[in-house]
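*Asks:* Sequence annotations record features per position, and here Swiss-Prot assigns N-myristoyl glycine to Gly2. The deamidated asparagine feature in Swiss-Prot is assigned to Asn3. Look at Swiss-Prot and you will find Ser10, Ser139, Ser338 tagged as phosphoserine. What Swiss-Prot lists as domain 'Protein kinase' is 43-297, and the listing cites sequence analysis. The phosphothreonine feature in Swiss-Prot is assigned to Thr48, Thr195, Thr197. Annotation source Swiss-Prot lists ATP binding site at 49-57, Lys72, 121-127, 168-171. The domain 'AGC-kinase C-terminal' annotation in Swiss-Prot covers 298-350 and rests on sequence analysis. Annotation source Swiss-Prot lists phosphotyrosine at Tyr330, citing similarity to another entry.
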Amino acid sequence: MGNAAAKKGSEQESVKEFLAKAKEDFLKKWENPAQNTAHLDQFERIKTLGTGSFGRVMLVKHKETGNHFAMKILDKQKVVKLKQIEHTLNEKRILQAVNFPFLVKLEFSFKDNSNLYMVMEYVPGGEMFSHLRRIGRFSEPHARFYAAQIVLTFEYLHSLDLIYRDLKPENLLIDQQGYIQVTDFGFAKRVKGRTWTLCGTPEYLAPEIILSKGYNKAVDWWALGVLIYEMAAGYPPFFADQPIQIYEKIVSGKVRFPSHFSSDLKDLLRNLLQVDLTKRFGNLKNGVNDIKNHKWFATTDWIAIYQRKVEAPFIPKFKGPGDTSNFDDYEEEEIRVSINEKCGKEFCEF
């Protein structure tokens with residue numbers, strides 16, 4: 001036993017060292033953000049991959065190199081109307097400063113009179129959401145493989161004082177090796193201590209957000225519980241037709257498990273979907289280690305996952321660079337750029 005404990009101890013030490021170095025790297029970029037690193041004319045626009053309330057994501061090709069990227073285009077006037085200025089500035093400032101194997105990379109960012117542009121690595125496997133809906137549910141080993149990547153990603157983000165706040169299968173892309181790329185940092189925020197903004201997706205909201213309490217990084221660990229449940233069951237733990245009914249279920253502290261869930265899985269989920277913050281895993285004195293050392297993760301080699309050495313349970317079909325068959329089709333729209341600058345002041349730091 002002594003040996004195993006010693007190994008665990010030294011692993012936890014090297015994680016500490018790793019995170020200290022990661023924080024240095026992050027802070028350099030956080031304090032001195034990259035700005036205006038490309039121009040719209042350098043990209044050939046190919047196809048819309050997704051749409052949102054104030055913009056769209058398009059597959060583009062960098063004319064000079066022939067590389068494909070995903071370009072997020074945000075309409076400045078719509079961002080202002082929807083009161084998302086702060087969130088949008090957060091997203092870009094955070095994305096340009098982070099670096100982790102399971103976070104989508106921001107390659108370029110720029111703006112023009114009408115829009116903000118974030119050009120990211122293109123992840124051709126599509127959303128976990130579409131694969132989960134097609135397959136129905138993931139086996140526990142399959143769900144565990146993805147969950148481990150989220151645990152490591154949250155450990156990294158939280159060590160930088162970042163809360164993610166938008167975990168859901170739609171925001172997890174599957175890359176060519178079958179690993180996860182977390183995308184959409186629209187709700188991510190750097191916060192020491194507590195924050196109060198109501199944001200997120202109804203099914204994934206922690207009770208303390210619904211109850212308008214100040215909340216912290218523990219909301220991400222609650223959301224991890226929701227995600228693991230949804231991956232392993234095929235449906236989320238709290239669902240109803242109306243958000244208000246979902247919220248009632250979430251704050252009730254009651255959750256029911258499918259009969260096929262293993263007892264280890266149920267135990268982990270009871271500790272993540274824990275309404276009492278003083279008992280929720282990830283938020284206790286041992287932090288993330290309560291999760292990493294849980295029996296459900298007994299077979300997980302955390303370092304091998306980080307190094308992407310574990311064989312993925314599922315590799316998305318891929319027909320070559322620029323293949324979009326893992327994404328839905330959307331109506332195409334011209335990108336219109338005004339001759340006058342819109343909302344210059346609001347987005348001067350972008």
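Glycine too: its Cβ is placed from the backbone N, Cα and C atoms.
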*Asks:* Could you break down the residues of the domain 'AGC-kinase C-terminal' (298-350) into DSSP helix, strand and coil, giving a count for each?
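*Replies:* Grouping H, G, I as helix and E, B as strand yields 5 helix, 0 strand, 48 coil.
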*Asks:* Sorry to bug you, but what's the C-alpha spacing from Thr48 (phosphothreonine) to Gly126 (ATP binding site), rounded to the closest Å?
*Replies:* 13
*Asks:* Are there recorded positions among Thr48, Leu49, Lys72, Ser139, Thr197, Ser338 that sit within 10 Å of Tyr330 (phosphotyrosine), Cα to Cα? If so, list them; otherwise say none.
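*Replies:* So the list is Thr48, Leu49.
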*Asks:* If I take the alpha carbons of Thr195 (phosphothreonine) and Pro169 (ATP binding site), what is the distance between them in whole Å?
*Replies:* 24
*Asks:* Find the one among the modified residues Thr48, Ser139, Thr197 whose C-alpha lies closest to that of Pro169 (ATP binding site).
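*Replies:* For Pro169 (ATP binding site), the spatially nearest of the modified residues is Ser139.
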*Asks:* Take the C-alpha atoms of Ser338 (phosphoserine) and Val123 (ATP binding site) and report the distance between them in angstrom, rounded.
*Replies:* 31
*Asks:* Sorted by position, what residues of the same chain at least six away from Thr197 (phosphothreonine) have a C-beta under 8 A from it?
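*Replies:* In sequence order, the residues whose Cβ lies under 8 Å from that of Thr197 (phosphothreonine) (at least 6 apart) are Lys189.
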*Asks:* Output the one of Gly52, Pro169 that, of all these binding-site residues, has the highest number of other Cβ atoms within 10 Å of its Cβ.
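*Replies:* Compared across Gly52, Pro169, the most Cβ atoms within 10 Å surround Pro169.
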*Asks:* Which whole-number mean pLDDT does the model give the domain 'AGC-kinase C-terminal' (298-350)?
*Replies:* 97
*Asks:* Under a criterion of Cβ-Cβ distance under 8 Å and sequence separation of at least 6, what residues of the same chain contact Gly55 (ATP binding site)?
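*Replies:* Correct list: Lys72, Ile73, Leu74, Asp75, Lys78, Val79, Asn115.
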*Asks:* Using a 10 Å cut-off, grab the number of neighbouring Cβ atoms around the Cβ of Ser10 (phosphoserine), all chains included.
*Replies:* 10
*Asks:* If you run the three-state DSSP split on Leu49 (ATP binding site), which class comes out?
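*Replies:* SS state of Leu49 (ATP binding site) = strand.
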*Asks:* Return one of helix, strand or coil for Thr197 (phosphothreonine), based on DSSP.
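*Replies:* The residue in question, Thr197 (phosphothreonine), is coil (DSSP, three-state).
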*Asks:* Quick check: of the recorded positions listed here (Ser10, Val123, Ser139), which one has the Cα closest to that of Thr48 (phosphothreonine)?
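*Replies:* Nearest listed residue in space: Val123.
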